[in-house]
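Asker: Annotations per Swiss-Prot:
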DOMAIN    99-293  domain 'ATP-grasp'
BINDING   126-181  ATP binding site
BINDING   ASP248, GLU260  Mg(2+) 1 binding site
BINDING   GLU260, ASN262  Mg(2+) 2 binding site
Amino acid sequence: MKIGVIMGGISTEREVSLNSGREVIKYLELLEHEIIPIIIDKKEDVMEKAKGIDFAFLALHGKFGEDGTVQSVLQTLDIPYSGCGPLTSAICMDKDMTKKILKYANINTADWVNVTNAEDIDYEAIEKIGYPVFVKPNSGGSSVATNLVKNKEGIKEAVELALKYDKEVMIENYTKGEEITCCMLNGKMLPVLAIRPHAEFFDYTAKYADGGSDEVVIELEENLHKKVEEMALACWKELKCEVYVRVDMIVKEGVPYVLELNTLPGMTKNSLFPKSANAVGISFAELLNSIVKYSLEVER
């Protein structure tokens with residue numbers, strides 16, 4: 001099978017995507033597929049460079065990659081691809097929309113408000129949410145332009161920074177607890193990982209620098225494990241996920257809260273999904289093979 005590994009892109013996460021793509025290529029080649037590296041530098045590249053491939057493995061992150069646009073183009077071209085479809089991808093990229101659906105489905109998530117203008121910040125609403133808060137681009141990823149703000153004085157500057165990366169900014173209550181991530185493969189949860197950043201939170205450096213955080217497989221207390229698994233599965237169903245996603249949560253006083261869903265989780269040597277799969281004996285090559293297999297089974 002001729003597999004095109006699509007990477008790069010035009011988002012702020014381009015370098016992360018290129019790293020994912022290189023790792024994916026290295027291990028897919030072990031499976032004896034014909035691999036075509038496809039580096040995206042501009043939007044039109046998808047139409048031009050994807051011609052002639054049998055399957056697209058998406059190693060993209062961020063806008064024009066994780067937001068359903070590339071998925072829509074590939075569907076138009078009748079090229080099967082890895083991961084979730086356009087609708088789920090678009091919704092999960094929009095943190096505000098994701099949280100609205102979670103709230104509607106009675107799935108725990110931290111309180112938040114969104115703003116589109118640094119001059120129209122509702123400080124009373126933020127006060128009700130309670131400080132400290134995270135201020136971040138609504139559709140951003142990899143914690144780019146994400147700041148922990150501890151009082152009213154720091155809000156405007158953080159909002160202005162986030163607006164440089166997105167037209168909408170989320171201000172979300174900082175729920176202090178243990179950060180965990182649940183990797184879902186074909187609707188089943190792999191072992192839970194605890195994320196223990198060396199910084200105050202799991203920022204860009206903690207995510208991608210060697211030694212930026214400790215990510216360890218943990219065995220949750222039985223009752224909590226059941227709650228977490230049920231919540232991850234509810235997210236999968238409510239947001240109509242397919243093939244694989246990563247559900248990030250915070251556990252506070254025994255109660256899990258969903259932070260966000262990643263429809264194209266990172267695939268670098270530091271990535272969480274391969275670590276979780278490895279804990280049940282699934283090698284990186286086997287994981288990639290499963291993603292290709294399950295993706296081909298999805299009716300688009």
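Every residue, even glycine, has its Cβ placed from backbone N, Cα and C.
How about a rundown of where these features are and what they're close to?
Answerer: Confidence across the domain 'ATP-grasp' (99-293), taken as the mean pLDDT and rounded to a whole number, stands at 92.
Around the Cβ of ILE126 (ATP binding site), 22 further Cβ atoms fall within 10 Å across all displayed protein chains.
Sequence-distant contacts of ASP248 (Mg(2+) 1 binding site), defined by Cβ-Cβ distance under 8 angstroms and a gap of at least six in the same chain, are GLU179, ILE180, THR181, CYS182, VAL258, LEU259, GLU260, LEU261, ASN262.
Annotation note: GLU260 (Mg(2+) 1 binding site) sits in a strand segment as assigned by DSSP.
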Asker: Is it possible to get the count of other C-beta atoms within 10 angstroms of the C-beta of ASN147 (ATP binding site)?
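Answerer: Counting Cβ neighbours of ASN147 (ATP binding site) within 10 Å gives 19.
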Asker: On the three-state reduction of DSSP, what should I expect for ASP248 (Mg(2+) 1 binding site)?
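Answerer: Once the DSSP labels are grouped into three classes, ASP248 (Mg(2+) 1 binding site) ends up as strand.
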Asker: Quick check on the binding-site residues VAL133, LEU161: which one has the highest count of other Cβ atoms within 10 Å of its Cβ?
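Answerer: Answer by Cβ density within 10 Å: VAL133.
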Asker: For GLY154 (ATP binding site), what is the secondary structure by DSSP, using just helix, strand and coil?
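Answerer: Once the DSSP labels are grouped into three classes, GLY154 (ATP binding site) ends up as helix.
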Asker: Helix, strand or coil at ASN147 (ATP binding site), per DSSP?
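Answerer: DSSP call for ASN147 (ATP binding site): strand.
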Asker: Return one of helix, strand or coil for GLY140 (ATP binding site), based on DSSP.
Answerer: coil
